[in-house]
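J.: From TrEMBL, for reference:
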| type | residues | note |
| --- | --- | --- |
| COMPBIAS | 54-63 | compositional bias 'Pro residues' |
| DOMAIN | 72-155 | domain 'Galactosyltransferase N-terminal' |
| DOMAIN | 162-237 | domain 'Galactosyltransferase C-terminal' |
| REGION | 42-67 | region 'Disordered' |
| TRANSMEM | 12-32 | transmembrane segment |
Amino acid sequence: SPPLLRLFPGRLSAFPLFLLALLLGFASLLWLQLSCSGEGPSPGGQHRGVPRQSCPPPAPPQPPEEEAAWGPHRLALLVPFRERFEELLAFVPYMHRFLSKKRIRHRIFILNQVDHFRFNRASLINVGFLESGNDTDYIAMHDVDLLPLNEHLDYSFPEAGPFHVASPELHPLYHYKTYVGGILLLTKQHYELCNGMSNRFWGWGREDDEFYRRIKGAGLQVRRPSGITTGYETFQHLHDPAWRKRDQKRIAAQKQEQFKVDREGGLNNVRYRIESRTDLSVAGAPCTVLNILLDCDTDETPWCTFG
């Protein structure tokens, strides 16, 4: 018989064995809680001065959403994405905790481009806007490799106009005054007023600069954070250029076209298909992954492929 049963005389019925297993399970959970909370003896008989094992971090406080502290607005966090899984695993739980702590109602949308064309950040944001649902009333165009470190950064409803969270004075890399990339908040009404972003930008770069000119053309004023004293340490930039090269190649007429304003295209002509929509939980943080197939008119933008 198993060694544990030798401690008990005679035959044991099923019911006492069940109670014994239940008590042992409860004792194990209690020991684990005490050993990692610092309220009980050190695990394994460790002497004083040896740190105890750390407990899993508690989930952020989340009062019922009907509480007034959460406010009436809901943010759609739009994250253009392709093959940056290690960054995604850090981004989703971090941003969920960050926004929950600030009582920002939110939904995180991972806009995963799964076609064979070059990456198109602007088109993905257009798709995310159209697919984000009527329960959100403002958006954040948010890079997956940029984490806000300063809790005073404002992610609230940008009623007065586009709010550039990752301003040139704070972003660790880009410091020119017309920069609006990284993290930009807009109401859905204002994004529609701009007709979204141009779909002509395949590969890395320049779509934000064109969008800045759309914002100005729509009569909107870009606002930026004030009173933030952490400078270039305000954000953590996860991107490793040595490990993940950016697609900066310019093909055919792309070099000349990238500096033009697209006065016709945007939300009204983005071409795509949703291959799948999946609700996931990353380390307890909810998000929605949209697998997106973009379409390209190679007569209009032959640089959407490397061929």
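Yeah, the Cβs are placed from backbone N, Cα and C, and that goes for glycine too.
Quantities reported herein were computed from a predicted structural model and do not represent experimental measurements.
Have a look at these and tell me how they're positioned relative to everything else.
T.: Under DSSP, residues within the domain 'Galactosyltransferase N-terminal' (72-155) fall into helix, strand and coil as 28 helix, 23 strand, 33 coil.
Confidence over the domain 'Galactosyltransferase C-terminal' (162-237), given as mean pLDDT on the 0 to 100 scale, stands at 94.
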J.: Would you mind splitting the domain 'Galactosyltransferase C-terminal' (162-237) into helix, strand and coil residue counts from DSSP?
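T.: Here the numbers are 20 helix, 11 strand, 45 coil.
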